[in-house]
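K.L.:
After the structure tokens below, expect a handful of questions from me.
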């Protein structure tokens with residue numbers, strides 16, 4: 001029944017209130033099944049209470065509450081939030097003969113990140129007043145997605161290896177709603193946008209990209225570099241469109257190209 005948690009992020013842009021209602025119902029249902037336990041429910045209830053009270057606070061306490069909520073959201077993102085038992089979907093499967101083993105979880109905690117960030121920052125999904133960008137720039141940005149994967153091949157991190165694993169549809173839905181959307185919500189919709197207000201958009205873009213790269217540090221230096229460059233692509237998609245789903249689709253497209261045409265997640269000699 002874990003799949004019920006797919007619905008809130010899927011509906012977030014179309015019907016935010018419905019998405020929040022479904023998320024609450026999903027948390028309670030998954031708690032009955034043991035995927036979410038009392039510590040998580042208590043912490044989520046506390047975060048919901050703080051979100052509901054923020055507008056009544058003084059500016060100083062609103063700032064403090066934002067920091068507290070952001071720390072909770074980061075804990076969800078990094079799986080440090082207590083009380084979640086994410087179901088294992090794929091255990092050390094290989095996409096192809098030269099692909100490293102891959103494990104996939106349904107990260108229920110991470111799926112809540114976009115919803116909480118939207119409650120914290122109302123322009124998360126769409127930033128107003130974005131000027132149009134020349135079509136050729138979008139064309140170059142689209143081409144940069146396969147170009148980055150080919151660069152990873154040139155650096156020895158990947159090899160070209162076309163395949164269609166039997167679990168591709170499962171990977172796609174999880175990657176879109178539990179991975180790409182959550183990561184773009186945090187690093188582009190919130191962080192890049194927030195830093196852009198303080199420092200300007202062209203300083204915020206590389207900072208958010210570097211932080212995104214560093215979040216992949218457990219995969220080694222090459223993955224950090226690769227993720228940082230990918231963060232530049234996603235950051236430009238956000239900057240030029242002002243829409244979170246555009247950045248999310250760029251992210252998802254790169255991940256799917258990676259899976260279908262290259263060794264995934266890494267090359268195994």
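Cβ from N, Cα, C; glycine included.
Just so you know, TrEMBL annotations are computer predictions that nobody has curated.
Sharing the feature lines straight out of TrEMBL:
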- 33-51: transmembrane segment (TRANSMEM)
- 63-84: transmembrane segment (TRANSMEM)
- 104-124: transmembrane segment (TRANSMEM)
- 136-158: transmembrane segment (TRANSMEM)
- 164-183: transmembrane segment (TRANSMEM)
- 166-256: domain 'CAAX prenyl protease 2/Lysostaphin resistance protein A-like' (DOMAIN)
- 195-214: transmembrane segment (TRANSMEM)
- 220-237: transmembrane segment (TRANSMEM)
- 244-267: transmembrane segment (TRANSMEM)
K.L.:
Below 8 Å between Cβ atoms, which of the listed ranges 33-51, 63-84, 104-124, 164-183, 244-267 makes the most pairs with the transmembrane segment (220-237)?
P.N.:
244-267
K.L.:
Short question: which residues 6 or more past the ends of the transmembrane segment (244-267) have a Cβ under 8 Å from it?
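P.N.:
For the transmembrane segment (244-267), the list is 13, 95-96, 98-100, 102, 114, 124-126, 141, 145-146, 148-149, 152-153, 156-165, 168, 171-172, 175-176, 179-181, 183-185, 188-189, 219, 223, 230, 233-235, 237-238.
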K.L.:
Please list, for the domain 'CAAX prenyl protease 2/Lysostaphin resistance protein A-like' (166-256), how many residues fall into helix, strand and coil according to DSSP.
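P.N.:
For the domain 'CAAX prenyl protease 2/Lysostaphin resistance protein A-like' (166-256), the helix, strand and coil counts are 83 helix, 1 strand, 7 coil.
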K.L.:
Report, as numbers and ranges, which residues of the same chain sit near the transmembrane segment (33-51): CB under 8 Å and 6 or more residues beyond its ends.
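P.N.:
Same-chain contacts beyond the flanks: 1-2, 27, 65, 68-69, 72, 81-87, 108-109, 112, 116, 119-120.
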K.L.:
Using Cβ atoms and a strict cutoff of less than 8 Å, what residues sit near the transmembrane segment (104-124) while being 6 or more residues removed from its termini?
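P.N.:
Result: 2-3, 5-6, 8-9, 12, 16, 19-20, 23, 30, 35-36, 40, 44, 47, 51, 66, 69-70, 72-73, 76-77, 79, 81, 84, 86-90, 93, 167, 170-171, 174, 177-179, 181-182, 185-186, 189-190, 193-194, 244.
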